[in-house]
Amino acid sequence: MKALILVGGFGTRLRPLTLSFPKPLVDFANKPMILHQIEALKEVGVTEVVLAINYRPEVMLNFLKDFEDKLGITITCSQETEPLGTAGPLALARDKLVDGSGEPFFVLNSDVISEYPFAELIKFHKNHGGEATIMVTKVDEPSKYGVVVMEEATGMVEKFVEKPKIFVGNKINAGIYLLNPSVLDRIELKPTSIEKEVFPRISADAKLFAMVLPGFWMDVGQPRDYITGLRLYLDSLRKRSANRLATGAHIVGNVLVHESAKIGEGCLIGPDVAIGPGCVVEDGVRLSRCTVMRGVRIKKHACISNSIIGWHSTVGQWARIENMTILGEDVHVGDEVYTNGGVILPHKEIKSSILKPEIVM
């Protein structure tokens, strides 16, 4: 089988992290976001992954080349010269996706984190005999999204309602699809929306089905959702592979610590924390609801919550970082500095406190 991942462009919503790496290569739970997807695809027999991309394809391919060998999977790029929406990239990559076997192929949005129940999706798609199957997820506030209205008994999609004023359902598109090659005949090589143009036409022919996604789901394309997504991911990991989570008197709740990280004495870590490779957490540090990326040093008695600490940054002694502070790569926060939210661009030094959320350039 084959898969296409819609990588897209500049990842502006996740800056300053995407100033250093393309968004799919930003670490999530101690590995690049896109690697979570590629590993799950490999498990169900996908042998080739096509990345639909219009920004820095050489960075993506160079980084993923090691994983090609480790996973035994082929990774290629289909590069757009102009933005083609969410359907145009499928037409552009047609020759890479169609091999004459007639097998369906996966399409994924690169921002989506879930348990990736691809085996169940394959079974559902074959059993229902549709041309396309989309995964949907239930949300508490459907008025913020485009709602998928479907027959509960059959899974057949009836219509799509964009940001409904009245309640029509609570299921939204989860950004995970399984499509027959014939879907490509419906798509022209031009900027096109698969959600607003292609799927409604398939639905009108009674050939579009929806499978309700089991487990958690989150689009982690912006910082607040990234933090929420980490909590949901760690909750899921507790149920599936609890042995991968850290344990000890200094651990509270779900915490993921890379084996090469070093944790000092008297720390309190958790809940909902990921500490990446090569990190050094000195004595007396308090961490909660945060991600600490590769190569970070957190000095004695610092406190970090609801924040993301970018690669190779340093947080000084007794510093306090909270309220959705996002440090880019190689940021150095001084001793006793307080940051109350904000975005700090890469390679900056913060010597004085930030009392209101701001962008530090």
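Residue numbering: from 1, along the chain as shown.
Glycine is no exception: its Cβ is also placed from the backbone N, Cα and C atoms.
Fair warning: this is a prediction, and the values are worked out from it, not measured in the lab.
Cross-referencing G72, G85, G129 against the GDP-alpha-D-mannose binding annotation in Swiss-Prot, which names L6, V7, N109, D111, G146, N173, picks out G85.
There are 14 other Cβ atoms within 10 Å of the Cβ belonging to G146 (GDP-alpha-D-mannose binding site).
Counting every protein chain shown, 18 other Cβ atoms lie within 10 Å of the Cβ of N109 (GDP-alpha-D-mannose binding site).
DSSP classifies D111 (GDP-alpha-D-mannose binding site) as coil under the three-state reduction. Taking D111 (GDP-alpha-D-mannose binding site) as the reference point, the binding-site residues whose C-alpha atoms are within 10 Å of its C-alpha, out of T12, R13, K23, are K23. Closest to G146 (GDP-alpha-D-mannose binding site) by Cα-Cα distance, out of the binding-site residues T12, R13, K23, is R13.
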